[in-house]
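Chemist: The structure is given below, and queries will be raised subsequently.
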Amino acid sequence: MKKSCNFLFYSQVLSFLILFVAVDSQLTTDFYSKTCPNVLRVVRKEVQNAIKNEMRMAASLLRLHFHDCFVSGCDASLLLDGNSTTSEKFTPANLNSARGFEVIDNIKTAVENACSGVVSCADILAIAARDSVLLSGGPFWKVLLGRRDGLAANFSGSNTALPAPFDPLNTIISKFDAVGLNVTDVVSLSGAHTIGLAKCATFDNRLRNFSGTGAPDTTLDTTLVSELQNLCPLTSDGNNTAPLDRNSTDLFDNHYFKNLINGRGLLESDQVLFSSDDAIQTTKTLVETYSNSSKFFFSDFVNSMIKMGNISPLVGSDGEIRKKCRVINSNN
């Protein structure tokens, strides 16, 4: 009972803080109620079509929102085309990894047809992320809207700000802290890996010579090691994929955390949440809590998504409303 009361108190306090931050940034849930009243319906239809065509796209669209917000805030800078020294698409965290840009293009076209020059690409990313979670069996929340689009990509920021699958836990926590997110946000948002796939290149460091030991990562289940070694042979180009949440690949649930407890987290950055020495004082208890209660996970995930979507948004007269998400209007 005490634990339940503490959770309710924590949730109420956090909800108040989120509301305060939302008001401070001028984002609102009804931002387009008069200027584009059908925007949520239009985006939902396009996301549904994309997921129907490829279930993995739900995870890809959710990831785009993450990778956008961690770099210069939620300003759709990730969507800008460019070259290998200017576009965020070419940084290691995104190259041959971030996907779903064509789906965002389709959504933008449909939204422009409904109400031209009104809805930002940054808001489209936020709505599409929510719908991807919901359509995969996850929770619903009202998306705060009113972001505007940035005028430039941040190549260097994308190189340094995004958490990597090889980062130790303290580095991951520091990168979250740099954008105003805490340890609870680290664990709950990592739960997004309950859907989607990852390439061998992101986890094969754990399979044979982990950290120069000459052996696999000891925190990885031995049966899973053998399966993944077959999937990712030494001669592999690293592009084969494995589910991030084995045995629950496409369903947004708390099974991801059960896998961590059983040593079946795919990425090193997943498993460290439970198995690293640093986890004992920081993240391990949350992993256990979420593994036992999808209700607690969903509640914290929603709060963390709202917080993340509120990282340094452009509002008012800052930035612009791009006509096409890949280019700023002056280059259109």
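A Cβ is built for glycine as well, from the same backbone N, Cα and C atoms used for every other residue.
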Chemist: Which one is it, Cys69, Cys74, Cys115, that TrEMBL ties to Cys36 with a disulfide?
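Modeler: Among Cys69, Cys74, Cys115, the record in TrEMBL lists Cys115 as the disulfide partner of Cys36.
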Chemist: Looking only at Cys200, Cys325, which is named in TrEMBL as the disulfide mate of Cys232?
Modeler: Cys200
Chemist: Please work out, from what TrEMBL records, which of Cys69, Cys121 forms the disulfide with Cys74.
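Modeler: Recorded disulfide partner of Cys74 in TrEMBL: Cys69.
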Chemist: On average, what pLDDT score does this prediction assign to the domain 'Plant heme peroxidase family profile' (26-329)?
Modeler: 97
Chemist: Counting Cβ atoms within 10 Å of each candidate's own Cβ, which of the binding-site residues Asp68, Asp253 comes out highest?
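Modeler: When each Cβ's neighbours within 10 Å are tallied, Asp68 tops the list.
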Chemist: Which one is closest to His193 (heme b binding site) in space, judged by CA to CA distance, out of the recorded positions Arg63, His67, Asp68, Gly73, Ser77?
Modeler: Arg63
Chemist: Which recorded positions are spatial neighbours of Cys74 (disulfide bond) here, meaning Cα within 10 Å, out of Cys36, His67, Pro163, Thr194?
Modeler: His67
